[in-house]
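> Summarising the annotation, Swiss-Prot assigns active site, proton donor/acceptor to Asp91, Lys182 and lists sequence analysis as the type of evidence. The feature active site, schiff-base intermediate with acetaldehyde is assigned by Swiss-Prot to Lys153, with sequence analysis given as support.
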Amino acid sequence: MEVKDILKTVDHTLLATTATWPEIQTILDDAMAYETASACIPASYVKKAAEYVSGKLAICTVIGFPNGYSTTAAKVFECQDAIQNGADEIDMVINLTDVKNGDFDTVEEEIRQIKAACQDHILKVIVETCQLTKEELIELCGVVTRSGADFIKTSTGFSTAGATFEDVEVMAKYVGEGVKIKAAGGISSLEDAKTFIALGASRLGTSRIIKIVKNEATKTDSY
């Protein structure tokens with residue numbers, strides 16, 4: 001797999017709580033220059049970012065982030081507001097308290113409501129795999145499939161661990177047809193990226209890959 005093919009799967013990400021507009025601009029510029037799938041940024045920057053890229057790049061943002069325990073109504077509003085401001089893709093965090101209470105019906109209904117608010121925009125569902133048992137992850141693969149979401153996503157990157165090969169293997173085995181997989185959190189090498197893709201991920205959330213590619217390009221004058 002060529003580096004360009006890896007980059008096309010990347011949501012180039014900056015979600016730091018202290019992110020400044022110049023830092024966001026750099027993320028956007030790099031994402032456009034390297035033709036990544038999107039740039040994933042805080043919702044407060046979406047409107048300005050959408051105007052800045054002027055349709056040249058998909059803008060992704062997060063809702064219910066990073067803990068997921070805001071109400072469904074609040075998440076629906078966040079989704080609608082983000083889309084109105086120019087977001088193309090939404091990454092939502094599920095309410096893990098519902099999962100731990102065994103209330104998967106509530107999780108599914110919340111995702112359905114947010115998908116309806118998304119309309120034809122892409123919805124990715126963050127399940128925070130590092131906080132799940134294997135059985136819970138398998139159950140959530142079914143929940144996300146039934147809900148109509150476009151992607152199941154491993155991690156926020158703000159919890160105890162990010163994506164693992166094992167979790168992506170489970171997702172690939174149990175998620176339904178038509179639902180894609182996004183691996184995110186801790187992807188820090190091109191080899192890891194290739195492995196996640198080989199295991200079934202079609203989108204990668206990372207802030208590091210472009211830096212690695214730039215370093216390699218300095219050595220070889222190309223990517």
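Cβ coordinates are placed from backbone N, Cα and C, and glycine is handled just like the others.
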> Return the residue, from the listed active-site residues Lys153, Lys182, with the maximum count of other C-beta atoms within 10 angstroms of its C-beta.
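Going through Lys153, Lys182 one by one, the largest Cβ count within 10 Å is at Lys153.
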> Sorted by position, what residues of the same chain at least six away from Asp91 (active site, proton donor/acceptor) have a C-beta under 8 A from it?
Asp11, Cys40, Cys60, Thr61, Val62, Ile63, Phe65, Lys124, Ile126, Lys153, Lys182, Gly205
> Hey, does DSSP put Asp91 (active site, proton donor/acceptor) in a helix, a strand, or just coil?
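For Asp91 (active site, proton donor/acceptor) - judged by DSSP and reduced to three states - the answer is strand.
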